[in-house]
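Here the structure is laid out as structure tokens; the discussion comes afterwards.
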Amino acid sequence: RIMRPDDANVAGNVHGGTILKMIEEAGAIISTRHCNSQAGEPCVAALARVERTDFLSPVCIGEVANVSAEITYTSRHSVEVQVNVMSENILTGAKKVTNKATLWYVPLSLKNVNKVVEVPPIQYARKEQEDEGKKRYEEQKLDRLETKQRNGDVIFPVINPEPHTVGYSQSSLIHLVGPSDCTLLGFVHGGVTMKLMDEVAGIVAARHCKTNIVTASVDAINFHEKIKKGSVITISGRMTFTSNKSMEIEVFVDADPFVDEPRERYRAVSAFFTYVSLSKEGKPLPVPQLLTETEDEKRRFEEGKGRYLQTKAKRQAQMQQAAQ
């Protein structure tokens, strides 16, 4: 579809959350279609996880975004989908790949939302493709479990915080889940949640830098539990790490299912977003150093530094392979 002015961020490019929402919609369509391709219980594919997603290039207002999806692996109860986003300047015909993402879905029965139905298998061109997919499946399964186990943190307001501290830029957004946010099963679309998370992360980054900011990448987004229509969700974000040119922001979503639900608040989604600071001309700007004050903030900073260095090493290795 063509990108319109209401898709824009402050910098004038397409909002990163809008791209994430389009990616999720494409993945949900192809997964649901595949899971209903054989006679069986009708179902809808629900997003369980998004692997690391890099924003390779900004999409501009007036360009056409083409989102394509392909199923690359199926386990008994999950589907792996590869999604590519390409932007096209319809005045010049120039095209470029802007995003690549890997998403995991599970099919939920239309009759019983707590039942995960079986996924029809796909045919692989080579045995190696199935083996590689199984390896990716086991890795993401383990990472989701580890992430869920460390999801007990809560963000508390800080009185009169100093600039460039964690408390100074941390932000929260409260949203009532309505029918337009939900799937046929009455649970929130993964794309809606990701768009809200990107908005909060963007606010944190802008408060820290006081400049234009853009989404550079999103680390794995883990959807731990479904969010029901009528719930109030709190999307919270805080700065965890800064390098010279980038900021890592932890974002998590807590749900309060207070409509006809006795259940207490629970952690539904968690992720790390990376942003860069830009001048009005779109040039990268230095990022102010994050000032850590507590032991927990210092620990999170070191963990973020580890993720940053790991990502940097992977990127350099990929560049060396491409050069060869």
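From the backbone N, Cα and C atoms, a Cβ is placed for every residue, glycine too.
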Given the ranges 145-174, 295-324, which one is assigned the annotation region 'Disordered' in TrEMBL?
295-324
Whole-number answer please: how many Å between the C-alpha atoms of ASN9 (active site) and ASP198 (active site)?
11
Given the model, what does the mean pLDDT over the domain 'HotDog ACOT-type' (1-111) come out as?
94
